[in-house]
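S.K.: Annotated domain 'MACPF' per TrEMBL: 1-134, in sequence order. Per TrEMBL, region 'Disordered' is recorded for 194-220. Per TrEMBL, the feature domain 'Sushi' maps to 249-308, 309-370. Summarising the annotation, TrEMBL assigns disulfide bond to CYS279-CYS306.
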Amino acid sequence: MKQSGVSSISMKACSSQSANFVFVQYSSSKCKELENALKWASGTQSNMLRGDPFVRGGRPGLVSGLSFLELDNPAGNQKRYSSWARSVPDLPTVIKQKLTPLYELVKEVPCAAVKRLYLRRALEEYLDETDPCHCRPCQNGGLAAVEGTTCQCHCKPYTFGAACEYGVLVGDEAGKVDGGWSCWSSWSPCVDGRRTRRRECNNPPPSGGGESCIGEPSESRQCGEEDEELKNLRLLEPHCFPLPSGPTEFCPPPPALDNGFVQNEDTTFPVGKNIVYTCREGYSLVGDPVARCGDDLQWLTGERHCQRIVCVLPTLTDGIQSHPQKPSYAVGDKVTFSCSRGMSLEGPSTFICGSSLKWSPEIKDVRCVHRDGPVTQAVPRCQPWEKVKNSRCVCKMPYECRSSLGVCARDEKNQRILPLTVCKVHALQCQGKNFSLMGSESCAPPASAKKACGACPLWEKCDAQSSACECREASECQEEGSTVCVDVDGSKRTMTECQAGVLMCRGQSVSVTSIEPCEGGPQ
């Protein structure tokens, strides 16, 4: 075009709509020169000029229509161009790329805004951890980079080594060291609603005419900006956040209950937690047993109190002793008073717990006084479940029982079936407890094992040669034990514990049916 003497200004003027040349009619002499130049450049004298269209996007069929110009048909040229231009939005082509952060790709998925925020924070944290600022500077202008978890140096030409320490730079780069940024400092405390962090161009500092660091040495942001963003997301999309892992508000310890306590009491009481009160032994709860920790962190409770349902002995003085000794006594229980040796009791000795929870007769004016002279008392003969105390027989504790036949017995108070012995059942009944004998299949008594000499039961004796216990003969029973009713091979018989134990020891089927002698049965 320059060789033909057509300037760029003339080309622009003739190709515009106002010049009426390419897309409309024309009449300018300059445009005539442009026409001739175009024909000369295309190597044809025809009014149809062909070439390659340098366009991007649009429908391919319409792009091919831009490969020629009809100099005598401006309207057709304009129509083909307009058709192509209208198709570009349907089939666009990127002509200038722009980098976008990876987290911006999170779109059109549930909780996209929350996921973008977390991904952005994770990427920022990752980039901070893998930034080359954590590496020592490379020598000879080498570029530091983090690969995996290791710092690497990328060396310039004619240099090499782990830190590019070998070789020399050539040309214009000889002696130059470009500056590198240090890592960002921690965020400063908030000042006037903003906080700041800084970095320095000293990793390495520029020298020898090298370039300084590119970028800002400081950065600031509004205080609480990230927290505010997360707070807004919690408000707008609460379903995208997990529920709290546990309660955060608690009531103080529950109020105390006289003569009572809280069942399964915990150390913390979150809002909405229920607790249940109960009374200690000898008392019954009157009122609502349940209390609840309210939303105002106060206990929601009704009226309740523990009412005494047993008799309690007053404090005994002057050497008065009670039998049986218990912390409380149910209605109908009896208690007997006695005095220590050398003293005698004045007043009633037996008292009953009445339905009004008072003792009958009333416990008053009962005391122990010294006797006028010493009186020699014979040692009483006690039952196997009793022991001598103050010259009289008193109930043994179950653990004081010696060897005795094993039985299964039911505590009528709580309906529990326990493996006991004849002596222990007698001792418990002696103390006022109510136990009933059950079949041997009702419980699992401890397995009997061979015992060493010194621990033989009533129905066994010590064998001097083997130093072990062996079965006695029935005639060898020295301590008889209690008289009981037993079932021997289907027949009820009354015999002592020693006699029954001898039969069991020798392999006969023997079971205790009563801890008392048989009624009207064979002896």
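Just so it is clear, glycine is given a Cβ too, placed from its N, Cα and C backbone atoms.
Are these features on the surface or tucked inside, and what are their neighbours?
M.R.: When pLDDT values are averaged over the domain 'MACPF' (1-134), the model yields 77.
Sequence-distant neighbours of CYS279 (disulfide bond) (same chain, 6+ apart, CB under 8 A from its CB) are LEU257, ASN259, GLY260, LEU285, CYS306, GLN307.
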S.K.: Within 10 angstroms of the C-beta of CYS306 (disulfide bond), what count of other C-beta atoms is obtained when all protein chains are considered?
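M.R.: Other Cβ atoms found within 10 Å: 20.
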S.K.: Helix, strand, coil residue numbers for the domain 'Sushi' (309-370) per DSSP?
M.R.: 0 helix, 26 strand, 36 coil
S.K.: If H, G and I count as helix, E and B as strand, and all else as coil, what does DSSP give for CYS279 (disulfide bond)?
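M.R.: Where CYS279 (disulfide bond) sits, the three-state DSSP reduction gives strand.
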